[in-house]
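Shown next, in structure tokens, is the structure this report addresses.
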Amino acid sequence: MELLTFRDVAIEFSPEEWKCLDPAQQNLYRDVMLENYRNLVSLAVYSYYNQGILPEQGIQDSFKKATLGRYGSCGLENICLWKNWESIGEGEGQKECYNLCSQYLTTSHNKHLTVKGDKEYRIFQKKPQFLSAAPTEPCIPMNKYQHKFLKSVFCNKNQINFNHDSNISKHHSTHFLENYYNCNECEKVFYQSSKLIFPENIHIQKKPYNSNECGETSDPFSKLTQHQRIYIGESSQRCNKKCIIVFSQSHLKGHKIINTGEKSVKYKERGKAFTRGLHLGHQKIHTGEKPYKCKKCDKAFNKSSHLAQHQRIHTGEKPFKCKECGKAFNRGSYLTQHQRIHTGERAFKCEECGKAFNRGSYLTQHQRIHTGEKPFRCKECGKAFNRSSYVTQHQRMHTGEKPFKCKECGKAFNRASHLTQHQRIHTGEKHFKCKECGKAFNRGSHLTRHQRIHTGEKSFKCEECGKAFIWGSHLTQHQRVHTGEKFFKCKECGKAFTRSSHLTQHQRIHTGEKPFKCKECGKAFNRRSTLTQHQIIHTR
């Protein structure tokens, strides 16, 4: 059994797992790792202090300056964790860097801390000083160097000196506890995860700090304020999971998001598993709890990060900008999706037909074509759809809602696509051109129909009589001949028709409207076909 390394207590995420965390969870991860690292540093420094190597003030200074960050000269793929003193007489120089899944973190770069050693201040003499202005070198991968954080060469329990840290590592393994460590001074219980324990002699008599809440004595270098945070708001705040550290109050509410006690925790409500611990935010899905409320519109959310994203709608803030075209977004995920337009990347591939998509949601929608799944149902008529947007569009038929209005003529539509198509009438825009004859259309569907004239294709066949049509609407109209269905009824006289166009023509009898006018003689008609017949007179 070896001494503790940072990797023993670190939580590592795969790229896929990291993408599942929202910014608040990523920040919490960083804070937890920082506190774990500081605990390790404090234990290492205390080992030296207990041997009389460091004075008390030096320990306090060292702990305050212990920090976690990236090398200044490293890329975003490395996080820096500084190994303790290398050997007796080591001069000022750079410590090793651990490559620890930080390619997914967003912490700012920090200067590397070095240990200054010279003739006056050797490692095992009086006071090594942490400096924060030293330049840095490229990081060294974790798998190349496996340095220990605890570099004690003196065992307090047996009063034995060791010349090499590996020897004392083997020796110390005999003193480690396997599960829980109880402090006899304050009865605080620490869980020993991956051999992380807190020594009892933390309650030293040299200038102790006392907590006003519980009277517990803390060591001078571990910060009284950290100890006191446990008692803020409640007499005791503890995680009932097996955590490496006791979190500050700001972490207590959400620290279960990353619980390091188990590698996989299964959620009983739906059997969902979280590889790095039980996600507290997931529980809110089942409880319906939404503690984060927007002050502008009173909309509530179960995550603070979701509230932060929502508030950008009110402020208009769009902090995520595309470097290619300059387009800005209020969410990082939207920017990621947008950038795939420039790169042409289609990371989401259908296993059934091989079709690829640039968004996971598009793939999910597409897969319903293969499965036949239609999870979105209309509450009015029970009709089911494979997309939620289709239900929304369909429901407007029942409500009569037409939210999309033309600014030119005021005509309203129940679909945005219908408005777009309509606006081309005003602009004269005809994007869709036939390659055979050059005729252009303002709708893609119209071009598709037109092309069947050239190909002779009649895809829509009547099952009753076998008659085929080039347009689906023509087949629908034809089928009413067999069924006798007449949906379109005149409100004036009650006469019914199989086609809406026939009803429109009929209504002109009641209104007297004659929109079709002859250019030769000015005579007007209520039907186009009647005008066509009339124009033959002028051509004779």
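The backbone N, Cα and C atoms fix where each Cβ goes, and this holds for glycine too.
Note on Swiss-Prot: of 156-178, 248-270, 432-454, the range annotated with the feature zinc finger is 432-454. Among the ranges 56-78, 125-147, 516-538, the one that Swiss-Prot lists as zinc finger is 516-538. Packing against the zinc finger (488-510) from elsewhere in the chain are residues 477, 480-481, 526-527: each is 6 or more residues past its ends and has a CB under 8 Å from a CB in it.
Counting C-beta pairs under 8 angstroms (sequence separation of 6 or more), the zinc finger (320-342) fails to reach the zinc finger (432-454), with fewer than 3 such pairs.
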